[in-house]
Amino acid sequence: MRLVTAAEMREIDRRAMEEYGIPSIVLMENAGRWVAQVVASRLGRVAGKRVVVLCGRGNNGGDGLVAARHLWQQGAQVKVFLAADPESLRGDALTNATIWRRLGQDFYLLLSPTGLQAFKLAIARADVVIDALYGTGFRGELPPEIRPVVEALNASGRFVVAVDIPSGLEADTGQVRGVAVVAHVTVTFGLPKLGLVLEPGARYVGELLVVDISLPLPLITGTGPGRYYLTGEMVRSWLPSRPPTAHKGNFGHVLVVGGSRGMIGAACLTAAAALRAGAGLVTLAVPRSWQETAATKLTEVMTLGLPETPEGQLSCAAWESLKPLLPRFTVCALGPGLGRHPETVELVKRMVAEIDLPLVLDADGINAFAGEAHLLTRRSSPLILTPHPGEMARLLGVKAAELTDKRVEVAEKAAREWGAVVVLKGARTVVASPDGYTGINSTGNPGMATGGTGDVLTGVIAALWAQGLDPFRAAAAGVYLHGLAGDLAAKEKGEAGLIAGDLLERLPLAWRRVTEAEEVREEHGLSRLG
Ligand SMILES: NC(=O)C1=CN([C@@H]2O[C@H](COP(=O)(O)OP(=O)(O)OC[C@H]3O[C@@H](n4cnc5c(N)ncnc54)[C@H](O)[C@@H]3O)[C@@H](O)[C@H]2O)[C@@H](O)CC1
Ligand SMILES: [K+]
């Protein structure tokens, strides 16, 4: 599903009005009506229920006034708290405020001396609270007079439905500076905003409902370049099926190059993951003295022993040994457990420059380019990079903390500049392609913050690429399946004790879940209504 920034949403609204002639008041009516409908569906019987609506002075507040009116008409006792001078309302919000008054209803003024106290009393008895303070127009921090209102709401334990976006959350970045409304349900209009699915924003959203407010379909559908929330439906449409006549040659041969003394497990995890993600054949190339260990650990994987340094890391000579064998492979995954021996770094640089195979570069494969990211553009084959924030920061020569609130932009810029698909890992992994596609992952959990899960991801992506997906889809489907395998493992075992090996076993279940089940729709907490 496409994701938009506040500016993109405003542009869609503008085009709906100017190019298609849909009046803005119609959009607002639809928006508010959906909110009322969602509230009504949660309340069961509306008549007699107590509803508090918190309205700001912008159009988000206008939506809240429409919802208030519909719930009142259905018999609810509705109190509207206005966080603005009624005289300051403009446009469609003013129109709806006027209608509300002509219905004989009034406002409680939140910013009056007794406003906060009255609000606290009202929510103490409310069945539901609607948050229509700020929507996509919000930037920065809640004003000091609004902060205690939001704190009181969050402490109240009431059921909260946010209009378009929880107030205090930035639509573009997902950042919360200070406090924001913690909603149980967020009803968002037309398309989900980026900040609703990025961390930490996603934690404030609750269940996310995307509703149709009559924005013309051509403006909101689209399969071209843009940002997408990776859902099970998308991934399902990309995964290859297995024809009855299939043989192992149809699903690619993945070469994994990695491992070193003390880190042989990383390369083994990558190789095993490639098999679990459907690769027809997998060969693991490791330093010579570790070949037997690898072969003992992995029954179904073929192994190669390559020249090594006295310290047990791959040496430059490994490239000459490997070169004549390359034509038999479909995709190469380079990096897991390599170490940072100067000879190994040299080997990685030569391989990236010269290898004539699609290449997934991870871990120490990426670290070999620390501060020299420009060298990544000197190569002859397509590349997928899978840095975690620390590796990305090292590549760019900046501090990891500098990347936190611009993960999407950083991944997109890197993908464009390096001409590679970039997978920036973390909560809500971002996948960006050089031709302008971005995916934000919807699966995964904090239990996956444990050694080896990144190695598993590399194997999954390599396997999907080897099965014929294009590099963006291979990376995007890879992060989705990998996260889903982690979610399945966490469901069974909890998060704390989850280990990378648990993901291996659940990769086939994740694949089956995506291709067979409808329930993936709910798994990422997002539904489309209308
Ligand atoms: N045609 C449209 O544009 C539609 C807009 N809709 C609603 O309109 C919303 C956007 O409305 P608006 O653009 O009026 O803005 P909002 O209602 O989101 O925000 C209200 C005001 O808050 C101010 N503000 C921003 N950051 C602030 C801060 N840190 N402290 C204090 N004040 C701050 C802004 O200047 C803005 O005027 C959407 O989220 C959606 O709910 C819907 O009614 C559907 C149609
Ligand atoms: K809101």
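Don't overthink the numbers, they just go from 1 along the chain as shown.
Glycine is no exception: its Cβ is also placed from the backbone N, Cα and C atoms.
Here is what TrEMBL records for this protein:
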- 59-63, 135-141, D164, A266, G337, H388, D455: (6S)-NADPHX binding site (BINDING)
- N60, D131, S167: K(+) binding site (BINDING)
- K425, G426, A427, R428, T429, G454: AMP binding site (BINDING)
- 9-221: domain 'YjeF N-terminal' (DOMAIN)
- 231-514: domain 'YjeF C-terminal' (DOMAIN)
Rounded to whole angstrom, what's the largest C-alpha distance between any two of K425, G426, A427, R428, T429, G454, listed as binding AMP? 14
Cα-Cα, whole number of Å: G454 (AMP binding site) versus H388 ((6S)-NADPHX binding site)? 8
Quick one: of N60, K425, G426, R428, which binding-site residues lie within 10 angstroms of D164 ((6S)-NADPHX binding site), measuring between C-alpha atoms? Sequence order, please. N60
CB neighbours within 10 A of H388 ((6S)-NADPHX binding site), counting all protein chains shown, number 20
Quick check for the class: what is the C-alpha distance, in angstrom and rounded, between N60 (K(+) binding site) and A427 (AMP binding site)? 29
Look up D164 ((6S)-NADPHX binding site) in the DSSP assignment and report helix, strand or coil. coil
G426 (AMP binding site) and T136 ((6S)-NADPHX binding site), compared by Cα position, are separated in whole Å by 25
Among binding-site residues N59, N60, S167, H388, R428, G454, close to ligand 2 by Cβ (under 6 Å) are N60, S167
Entries of N60, D164, G426, A427 (binding-site residues) sitting next to ligand 1, with Cβ under 6 Å as the cut-off: N60, D164
What does DSSP say about N59 ((6S)-NADPHX binding site): helix, strand or coil? helix
Spatial neighbours of S167 (K(+) binding site) among the binding-site residues N59, T136, A427, R428, T429 [C-alpha, 10 Å]: T136
Check the Cα-Cα distances from T136 ((6S)-NADPHX binding site) to the binding-site residues K425, A427, R428, T429 and tell me which is shortest. R428
Assigned conformation of G454 (AMP binding site) - DSSP reduced to three states: helix
